[in-house]
Amino acid sequence: GFSSYNGGGMNGTSTMMDFLEEPLPGVGTYEDFNTIDWVREKSRDRDRHREITSKSKESTWALIHSVSDAFSGWLLMLLIGLLAGSLAGLIDISAHWMTDLKEGVCLAGFWFNHEHCCWKSNTTFTDRDKCPEWKSWSQLILGYGEGAFAYILNYFMYVIWALLFSLLAVLLVKGFAPYACGSGIPEIKTILSGFIIRGYLGKWTLIIKTITLVLAVSSGLSLGKEGPLVHVACCCGNILCHLFTKYRKNEAKRREVLSAAAAAGVSVAFGAPIGGVLFSLEEVSYYFPLKTLWRSFFAALVAAFTLRSINPFGNSRLVLFYVEFHMPWHLLELVPFILLGIFGGLWGAFFIRSNIAWCRRRKTTKLGKYPVLEVFAVTAITAVLAFPNEYTRMSTSELISELFNDCGILDSSKLCEYVNDFNSTKGDDLPDRAAGPGVYTAMWQLALALVMKVFITIFTFGMKVPSGLFIPSMAVGAIAGRMLGVAMEQLAFYHHDWAIFSGWCSPGADCITPGLYAMVGAAACLGGVTRMTVSLVVIMFELTGGLEYIVPLMAAAMTSKWVADAIGREGIYDAHIRLNGYPFLEAKEEFSHKTLAMDVMRPRRNDPPLTVITQDSMTVEDVETIINETTYSGYPVVVSRESQRLVGFVLRRDLIISVENARKKQDGIVSTSIIYFTDHSPPLPPSSPSMLKLRSILDLSPFTVTDQTPMEIVVDIFRKLGLRQCLVTHNGKLLGIITKKDVLKHIAQLANQDPDSILFN
Amino acid sequence: LCPGCEFLFPQASIMFAQCTQKCASSVLLMVLLYCILSPPAQASKSLQDIRCKCICPPYRNISGHIYKKNVLQKDCNCLHVVEPMPVPGNDVEAYCLLCECKYEERSTTTIKVIIIIYLSVVGALLLYMAFLVLVDPLIRKPDAYTQPLHNEEENEDGRSLAAAPISSGARANTVLERVEGAQQRWKRQVQEQRKTVFDRHKMLS
């Protein structure tokens, strides 16, 4: 059967005797909140593959089995793409409908949102949103829609609906799947680096996250759905892995699939398959082999295609704020773009600092004891402040869409109310015009919206409902960018005789596009918060469909990253990982201190000596005592206590399972039975009880370093190979052990001190 | 499901043959997927669901207007949709150049199905939550004394001997008892998660 790959001899050689000892169920699996052993998982997969390949020459059936085994990865990617795309379509359509439910209801069919309700009826040019089938709440209850009382009633209904949605969301999260709250990306990063969190990617978490994400987004809170969509896609990936033995039993292969699923998640969130793959590569994944690249791309494409065929927005676009203008930009405009980059970097650093401070307060003080009340309060404040300003009343995606949009003659929104001179209109290409009163109103309303969004997002991100960060950051950047763009436009119009404008911006020409400034601002703010580089630029230009804007986007993204990095080193996700204390070994930073392995290893000078197991002189009782008295996750096995020469390493979990199983099932095993790890049993008098052979659970090739190895090499080994622990030897004898936690603690300790001054040995 | 599948995908077919609860939920997900994908695939393009929308801006002394008509994509241009034409014959071309016509399609069936699926799932979850909070403790009143003790012990033992799967072969035979067992295990899991996230704040701040 398939179970023989799982533990029969760590180094591959298996004798006749070993085959008779089938590994027990549970051996080779991991406990919750533990790190996996990448090396062991990868070697297991190679063993399995070797076995299938060697057997495939025997019969046609085996050949087909090997072909289907190779094909199973692609089939899994296809299924993940389909499921992720369908769930994203469900989320989009439901969120769109529920957001409009706060304002009114459609009489032609309650399942239509505002836009679809007015699809068929005749609307006027100036009042495109009004149609007889759509009734606002005041129209429904009172019969009329204008006047102070109707306004107050609409306000009241808006707040009530918002509170209802968010309360429902937090109750569902608390009652059914507490792991469904938050963004999910920091935890997925940790899982992909080798940590096990059971239930985090389970089916209840998937269902609850999908449902409550819609509720949270519809309640008008300042959060987005992109981060949670990555979590949803990874849940789909994890659940579908259970259909294929190859991925169900191997944690390393499963993480390859999860990387691809994360790419599919971002792909449906932004309609950007390439951006999704790059996001998975840059932000989420720890190890990203080249094979995963092609498969991630396939999964992302299938997901995007599925979403497109569901067509949630009715225009064959995957994102609400897809733009299609291709206006050229001038080199001198790089100056405002860099200014936007600086703004994005400053805002990013400010947001990370304040959000982490608030989350830390939630973790440590009494604020954390009232999650439901907290959600209620934040939603109430958000709804009460958001309704009066039309730019905060609309959903954030719609706001971004309106800000990205370039004004043409067909637009009648307040932001496009310029002073038109009809005799000089030439087709659709409008020149720069003076701002009308509508634009001035829109500007100060947008300024208020900016201030509100900057502050309310700090308290919203990290609450006990699914919350994402991308959309609020893009909104902040888009508002700032649009304001700067309009300011530049007016400056160019009124002072077209200045030296900087006269060269390229003659009166009557369309030189400044405020929509482009909004886009660059959005990219800058998003980059400042998440510190994404390539993936951000690719996502943004896949959103716009034009390669002309790569240079402004790159300039803004780079500036914002440099400014933000100068103030604080970590992006938001790494900051949350550090806040929660997850065992995540940062792969991007250099270890620059001069400590040695013996400074970090355990036991330290004053500690009791290393707990070891001898290879053939300990009894079952001795081993059980060791297990009960200590809590280490593994024990080195040595030849004897005097010589301390290393034989191998055995894991605690495997030891417990084997010993318990032997006591129950094997004959003659008592407390005084000897446990041996050697190939042949040690010579003992015939009157002694039968012995227990545990060689099959012993890892015969543990990694060792000498005590004089510099820690930078040790950290590199841990990162590159994905080790859990590493043994330290001195002159060939076992001296101590370094675990991943020790390395993390050491790095954290040194981060608070000056790198060059520590030379303790 | 598919006769050739056993031949091609032995692993998957063996899995489906020994369908456990986990497998059943995966099948449920597949069904959901099919439900969501099939409406758009099968929906015929009824004239209700397609339209051509022409937006014409203010021109000279004519105010702006939006024209909508349910026509096919080949007829989606200014001449077919803008009726009655507000400008005399020689101005039609200039007026039509300003107008922008877009062809749009939607699927009302998909929207209706998705919203109804969503609302029913929310309703089902709410009912289940009400059941768990109100009705379940009344049914399980006799076990109320043993439950808390049992839970404490489980937590302590669970840490050192978490490996061995709970083998209670003789007891959990009938479907009802198996469902009971699964539900108890799930409730314990959720309780653990709740403690980790809400009480100890160990994860997710």
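Every residue gets a Cβ built from N, Cα and C, even glycine.
From a predicted model like this one, the values you see are computed outputs, not experimental measurements.
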Task: Give the range, chosen from A:257-281, A:282-306, that TrEMBL lists as transmembrane segment.
output: A:257-281
Message: At a C-beta cut-off of under 8 Å, are there same-chain residues at least 6 beyond the transmembrane segment (A:71-91) that contact it? List them, or none.
response: 210, 213-214, 225, 229, 232-233, 236-237, 240-241, 243-244, 246-247, 257, 260-261, 264-265, 268-269, 295, 298-307, 310, 312
- request: May I ask whether the transmembrane segment (A:229-245) has at least three C-beta pairs under 8 Å with the transmembrane segment (A:148-170), counting pairs 6 or more apart in sequence?
  value: no
Segment-segment contact (the transmembrane segment (A:370-387); the transmembrane segment (A:257-281)) at 3 or more Cβ pairs under 8 Å: no
